[in-house]
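What Swiss-Prot says about this one:
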REGION    1-59  region 'Disordered'
DOMAIN    72-415  domain 'Kinesin motor'
BINDING   GLY171, PRO172, THR173, GLY174, SER175, GLY176, LYS177, THR178  ATP binding site
REGION    591-615  region 'Disordered'
COMPBIAS  597-612  compositional bias 'Basic and acidic residues'
REGION    674-700  region 'Disordered'
REGION    711-730  region 'Disordered'
REGION    737-764  region 'Disordered'
REGION    886-919  region 'Disordered'
COMPBIAS  886-912  compositional bias 'Basic and acidic residues'
Amino acid sequence: MVRLSTKPPNPKVEMNLKEPPITGAGAGAAASPPAPSTLRRNPPRSARPPPTPLPNSKPSQISRLLEEAAERLKVFLRIRPLPLPERKGKAKSPTNPKQVCLVANSPNSVALTVPHSKLLDPKRGRTEVFDGFSSVFSPDSSQHDVFSQVMNPLVDDLLLGGKSGLLVAMGPTGSGKTHTVFGSPRNPGLVPLTLRRIFSPTTHEPFSKLRSFCFSMFEILSEGKGERILDLLSDATDLVLQQSTIKGLKEVSVENFADAEALLFSGMLKRTTAATNANSKSSRSQCIITIRAVHKSSDAESENSLNNAVLTIADLAGAERERRTGNQGTRLLESNFINNTSMVFGLCLRSLLEHQKNKKKPLEKHFKNSMLTRYLRDYLEGRKKMTLILNVKPGDDDYLDTSFLLRQASPYMKIKYTNLEDSSGLVSQKRSSASLICQENTKKRKIHKVAGKDDIDKDDGVTISEKDESQYKLLNSELRRVSRNEEIMTNFARALWTVLKQYKQKLLESENAVESTRELLRSKDIKIMELEKKLKVLSCSCKKFPAVEDTFVEQNNDVSSGQVAQSFVSLSSQTDLVSIDSALNKSLAVEEVSEESTGHGPERSSDYDDKTGTGGSDVCDTSIIKLIAEEELCSGDCKPEKASSSDAFIPEHDVEKENIGIVVQVLDKKLDRSESCSDGGGVTHSSSSLDHPSDQSFTDTCLQNESANLSPQFIGASKKSPIEQSEEEREEIHNITTEGIQQNVHTRGVKHHSTPSCSQEVNSGSLHVSSSQLQGMGALQQDPQSERCKPTVEITIVEYGCAQPPHVVDDHGGMYPCTLNGKSSPRKAPISPTKDNQAEKLTDKIEDLSASKPCNRKNTRRRLQPVSAMMLKEFTGPDIFVDTRKEEKVKSSRDAMGRSDKLIRLLTDHPPRARGRAQ
């Protein structure tokens, strides 16, 4: 290097240099010029010549062999292309540091750039360069490019050299390891391409027809906190790892590529995979594929060279970060297993590197911590050749995983393999140039070794045979025990099955018995119901009153209190009249029933009658009648006599009429001859017929009193109307109720001086009274012990359809209102005095009127009759002769009113005489 000065030059020096030198006489006269001045420069330096090698110096053969044998571990790096969603919306240049953190600088090196999100100071960028890779595959590289550089050397060693080889795919989860190893049907990976290369015969493979290949495939996965081996080509689960071999592993001999490919894809379907947040199809196990070459000939040399040649391909599960995957439970245990296996594998390689650097440092036995490293022990200890292919992702989000893998794998490139398996050939070459003595010594040593090996083999065979025999005995005893237990369990199962069948049969029988019992109970219940019905019918017939459904009474909407009394009198008329006390008790009971049925008193019935002008009243429950009838039957001293079997029915209902009339007819027109009390105490027989215009009446006054006591309508009539009414008032009442039908029914009593007499009013609406009943009644009338029959004759007048109360004529001929149960109205003065001859004349007039023919009446529309009308119609005596059916068809309502008024006037002016005097 020449360094130049920076000072300006001297002008005098320059002039001296420019002026030419003076010669001749002028030169002598002038002074001699000074010596010229020159610049000082550094002298040139010559380099030392390189040392020349000695003419006879050559590298030794041993060092050359060791240098060739010292083959390094090959490490390949493949960068996965970015996924399609990440490519959209980004720059076209893939080297953009903001989006891609890993870039290939050369075929053997890559540059890793820290993303801006990870930098503490964004202004200062940081880039790391990792070199020394055997090859770096860019994202655009194909599967065939990877196969040609990675797998071709291993396949050549297997086919041509008979050497074993191992390919391990490592990398984080989702980096493309499985795709690189297996590929897809359209883009096959390294394993399918290897099988295709093996089973495609070529000219440079002279041993292709003399050997076969065995294919096996298994995986190592986690089981709880442990590990287990699963065969992917069979369903066997009992696989045991013994040193570097797997006991029970199925090896399938394949002859062509199609069979091998079918086995490969069937094993892929059984592989354990799962979805995580980082990868949708994440491998959860370490998958290992082995291809073993087997020689077919009997040549010992070729067999020895090919027996142990195995090509192994391992697809390791990717390391996972818990924060990115979000695994929990079983997936978290699987992540721990995967990360632990990757860590142990890296520790084994680092221990091998340190041991090669320092021979004094022993080799750590990290391979014992994992089942995968135990199986690959020969490769991890440097005795067999191994190749690594690292798969990484270039995205900014994957910077941590990529940097960790590159830092971990960068030292592995310095690992060397001495390849001790192939050193025997080199040793044989050295022996050929050795002395004969050494050769003889070597032969002797070999002979001694072979003899020792034979002895050892014999001893081992003896010990193995002894062990096999003891094991055989043990297994035989175990087999007998298991067979005995199986027989016992079979017999027990049969016995249990028989017992279950018996219990099932018994259960069916019991169910059938229960069903039959239920049917029997149902049939008995039906019989009981039928018997109860029959019992009710018989009880009704025994009590001498018809059932509720046998009584037919037509009424508009409700039943009057008169009907209640009618039913009660009908029932009570069938019993024997023992005494007047019983009659009084009966009248009181009937009065209570009538008050309850008519709205708690006669006032309600009177109001209702005044409003409607008809005989309707509240509905009375027939059950009350039944209860009263039962009490009468039970309280009587004598049993009731059997009544004649005659039914009461209701006449036809006239549709044209607005109101309904109640007419009770007796089917039997002729009654049996009955007995009645006469003047001399004898019995008189009389025949009664409804069609006849005049009927004979009972002359017993006691019977009339009892009939009056038994009819509650008399009480209502006496309470509803005043004691006396004038003729003008009666005419006004008749004019108001012109449309209704009114009748006056006069009950006449005959006075007996000699013996006490009783009277009974026979109701035409009730059942017929037989002759036996009448005879019993006559006997009671003649009984001298009956002290309650009064000797006087009382004539009770009952008005039907009129508001005037009934009157009674005393002994002196005076009239006073009728009383019930000893109760009379406050006004007791006689209305008009009468005499016996007047009574005689009145009786004759009544007989003439009853004997005369009734006038024809027009068919008129009838309304409901008042309570008093219905009561008097029901309690009409036998000596009142009224033909109801003919009167309805012949007479009009106004004519009937006129005739009834005349009869009332005759009765009031001329009281009737005793029938006995007339006779």
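Yeah, the Cβs are placed from backbone N, Cα and C, and that goes for glycine too.
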For the binding-site residues THR173, SER175, the one whose C-beta sees the most other C-beta atoms within 10 angstroms: SER175
Tertiary neighbours of GLY174 (ATP binding site) (same chain, Cβ under 8 Å, six or more apart): ALA278, ASN279, SER282, GLY318, LYS393
CB within-chain contacts under 8 A for GLY171 (ATP binding site), separation at least 6: LYS177, GLY318, ALA319, LEU390, ASN391, VAL392, LEU405
Which of PRO172, GLY176, the listed binding-site residues, has fewest other Cβ atoms within 10 Å: GLY176
Any further residue of that chain within 8 Å (Cβ to the Cβ centroid of GLY171, PRO172, THR173, GLY174, SER175, GLY176, LYS177, THR178) of the recorded ATP site: ARG80, ASN279, GLY318, ASN391, LYS393
In the chain carrying THR178 (ATP binding site), residues 6 or more apart in sequence that have Cβ under 8 angstroms from it: ALA169, LYS281, SER283, ASP315
